Amino acid sequence: MISSKNGAAMISRPVFLSDRVDEVFSRKLDLSVSSSSSSSLLQQFNKTHEGDDDARLALAHQLYKGGDFKQALEHSNMVYQRNPLRTDNLLLIGAIYYQLQEYDMCIARNEEALRIQPQFAECYGNMANAWKEKGDTDRAIRYYLIAIELRPNFADAWSNLASAYMRKGRLSEATQCCQQALSLNPLLVDAHSNLGNLMKAQGLIHEAYSCYLEAVRIQPTFAIAWSNLAGLFMESGDLNRALQYYKEAVKLKPAFPDAYLNLGNVYKALGRPTEAIMCYQHALQMRPNSAMAFGNIASIYYEQGQLDLAIRHYKQALSRDPRFLEAYNNLGNALKDIGRVDEAVRCYNQCLALQPNHPQAMANLGNIYMEWNMMGPASSLFKATLAVTTGLSAPFNNLAIIYKQQGNYSDAISCYNEVLRIDPLAADALVNRGNTYKEIGRVTEAIQDYMHAINFRPTMAEAHANLASAYKDSGHVEAAITSYKQALLLRPDFPEATCNLLHTLQCVCCWEDRSKMFAEVESIIRRQINMSVLPSVQPFHAIAYPIDPILALEISRKYAAHCSIIASRFGLPPFTHPAGLPVKREGGFKRLRIGYVSSDFGNHPLSHLMGSVFGMHNRENVEVFCYALSANDNTEWRQRIQSEAEHFLDVSAMSSDAIAKIINQDKIQILINLNGYTKGARNEIFAMQPAPIQVSYMGFPGTTGATYIDYLVTDEFVSPLQYAHIYSEKLVHLPHCYFVNDYKQKNQDVLDPNSKPKRSDYGLPEDKFIFACFNQLYKMDPEIVNTWCNILKRVPNSALWLLRFPAAGEMRFRTYAAAQGVQPDQIIFTDVAMKSEHIRRSVLADVILDTPLCNGHTTGTDVLWAGVPMITLPLEKMATRVAGSLCLATGLGHGMIVNSLEEYEEKAVSLALNKPKLQALTKELRASRLTCPLFDTMRWVKNLERSYFKMWNLHCSGQQPQHFKVLENDLEFPHDR
């Protein structure tokens, strides 16, 4: 907002009338402005003093004192025409021109008087005032000093010299001048008021108050002192006292534009914009060229959203004062808000051309660069802003956002700390810092920040929603649900809260209004996609939702595009890639250089499944680089991969652009994304395209939607070509099953029949037929649970074994099952176990029941390795077909894969009631574990390498990525040369 002189008015008696003029009036005319209007005064004069120059000059003086400057000038000029050598009249004419803001004419008439009377001290004083108003304070000071030299006891000149020194920041000299003026004239209210201004400028508010009060005591009608008192109250936040005193100032001096400007500011601060505009318009009536008044009117229109009016008034302000910095800055803001961004940039640059270190203009220009994804220039502007000001929090906040987007979480948190140092009650900064803490796993600190934000701003829906997310991440699901609902109470149209509440409810089997909520969420997603807004449903959640696969593809595309935007913020030039020459050909590499990027090299299902893969690659043909996005968790899985991979780089502390540079410097030919859209992913690295071929594999069972990912490694069952339209990548079909595991190397103990645990060890009934599902509860839905309940009711003495995954879902699941007629003892929940124990105890189940909407992938592999048959129903999306592929790769898929829920139910009941049939299937499954392709990790690695060479050879031949199938007897690959 533009601010006028809303503190102390820099007062100086702008014009001084000489003693000679006073002597003229010693013959006292019966003319009094206080008792007559200007018109009656003129009538009275015309009757009695028509040809009397002294009387006419006295009349002009009276009109001047009454504020009728134009009439005063007319009569003074009549005297001037008859007698141009009257210096007292020249002094008065100069004074009138000053009041009319015609400063050049003021100076000219005073110079004319000085040519006649060179020792006329008052003329020098008045010229000094005019030069000061023209902005030449140094010349003004010279003229004040001449006036004082000519007349050392000229108290008014000492007072006005003080105001000039104050304008130059020479506070000590200004104070001495005020004190000298008051020693000459203790009743000089101007000097008392100026001394108050000096005290205020030095932070001595009580002393300033005393000075202003003394001025009012001496002269209760002294409007400027009332105005300055009002300024003190305004700055202390006592707006009602400020309002009272500014009103008194304009009542005492109706022609007081600065007081009207400040009165308008008080009304504006009190939320009374109509009265504020009226005050600014009063100021304009007295000072039509007041840029400040136009600017302040514009600021009100801006805050009211009347941007066209705001722009018009800002332009009027600039037409009056082309060097009005705040008007350029604020006009830029208004233009930006209506989409005229290029014009806004020109305004900010114009402001900076006039004042290169203008903090608001630098920050606002930085905001635009930030929106344009020009993060380098934006950062530079924010840092430059902070170099010239210490009181602005916005540049710290924006730098924090940039640092966070670039993965520089430490600096982001430091910047948010600075925001909160400047404004400890900044709820937005608390939420943003909480988000940063949450992103790096410091959930407890995130929760504290969100709760503090809510304490400061209880109606802040975002704080409640983010608190809910942190509660969910820390396992406090019920608290999460409560907080999401509170966020939606505060803001019913809150897409992120709506979508996240739905996901949280699915995690705990809360299916009330499920269809209605999914319809609402799907509507939100489609609307966001049409508006080119990042969808509130993440791709990882979309794979488990009953939504159209094409819609899931569109969600992934939007997230991929967002990653491209993040990548562009680093401003890297395009990478140069290794030459497209076949491996082992002249000029080519001796080995294919493969890079794996993951945040899951540690205690994570990905490492449980792929632990041996990185060391199993054939070093004669392939050179493997692993890039770890997460810090060392010191687990056996991390140590194993780190020791067995040919090259292992911990890049967790590096920014994404630095990681991309390293990958490119390592001359990686094929880069594998093992995260996709899972936690810890940094897909912006792939958006920078550091490698010529980029592949999605294993971490995310769905399409990335990314133009910068060329291939998806999958298999014919999981991603048949008939469904290729729901993928953005070209499909690479590995033989058998794409889903690798390491159990043959790491979990041999499961094969020992003597190591089988007892059901009683886990509170499982020895006499019941146990169905089991070890998937997370969010993968379940009423349709499949209804089917399970039907199965339990049809199979005597049966039970369903589930995991507290999470524990908060147990009671809701039990309640739902009971409503379907299932007995309480037929539902058994146990805690989640460590990996090896989980696989060992899985053998205690008789049949595994899979979830169709999102299969058991890792858990599906677990139970098949344990030798327990699994019933699965494949649908269309990738995540719904993985379990079927696992079953097929055992060679026994026909006994476990079904085509409908009806068939699913019948298969489960049939296996439970036909003991010989189940025993035969179980025996076959257990016998196949050491020979079937599903658990042959080395065989799988060779097939994966075949796919890599096919990708590279296609690239070398100049062909675009294309769907292809890997054959185990393909002679194209080095294994078979």
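Each residue, glycine too, has its Cβ placed from N, Cα and C.
Per Swiss-Prot, the features are as follows:
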- 495-977: region 'Catalytic region' (REGION)
- 2-35: repeat 'TPR 1' (REPEAT)
- 53-86: repeat 'TPR 2' (REPEAT)
- 87-120: repeat 'TPR 3' (REPEAT)
- 121-154: repeat 'TPR 4' (REPEAT)
- 155-188: repeat 'TPR 5' (REPEAT)
- 189-222: repeat 'TPR 6' (REPEAT)
- 223-256: repeat 'TPR 7' (REPEAT)
- 257-290: repeat 'TPR 8' (REPEAT)
- 325-358: repeat 'TPR 10' (REPEAT)
- 359-392: repeat 'TPR 11' (REPEAT)
- 393-426: repeat 'TPR 12' (REPEAT)
- 461-494: repeat 'TPR 14' (REPEAT)
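For the repeat 'TPR 11' (359-392), the model gives a mean pLDDT of 92. Note on the repeat 'TPR 3' (87-120): DSSP counts are 27 helix, 0 strand, 7 coil. For the repeat 'TPR 7' (223-256), the list of distant contacts is 5-9, 11, 67, 189-190, 192-193, 196-197, 200, 205, 208-209, 212-213, 215-216, 262-263, 265-267, 269-270, 282, 286: same-chain residues at least six beyond its ends, Cβ to Cβ under 8 Å. Under 8 Å from some Cβ of the repeat 'TPR 14' (461-494) lie the Cβ atoms of residues 427, 430-431, 434-435, 438, 443-444, 446-447, 450-451, 453-454, 500-501, 504-505, 507-508, 510, 806-809, all in the same chain and six or more residues away from its ends. A Cβ distance under 8 Å defines the sequence-distant neighbours of the repeat 'TPR 11' (359-392), meaning residues of its chain 6+ beyond its ends; these are 325-326, 328-329, 332-333, 336, 341, 344-345, 348-349, 351-352, 398-399, 401-402, 405-406, 422, 565, 568-571.
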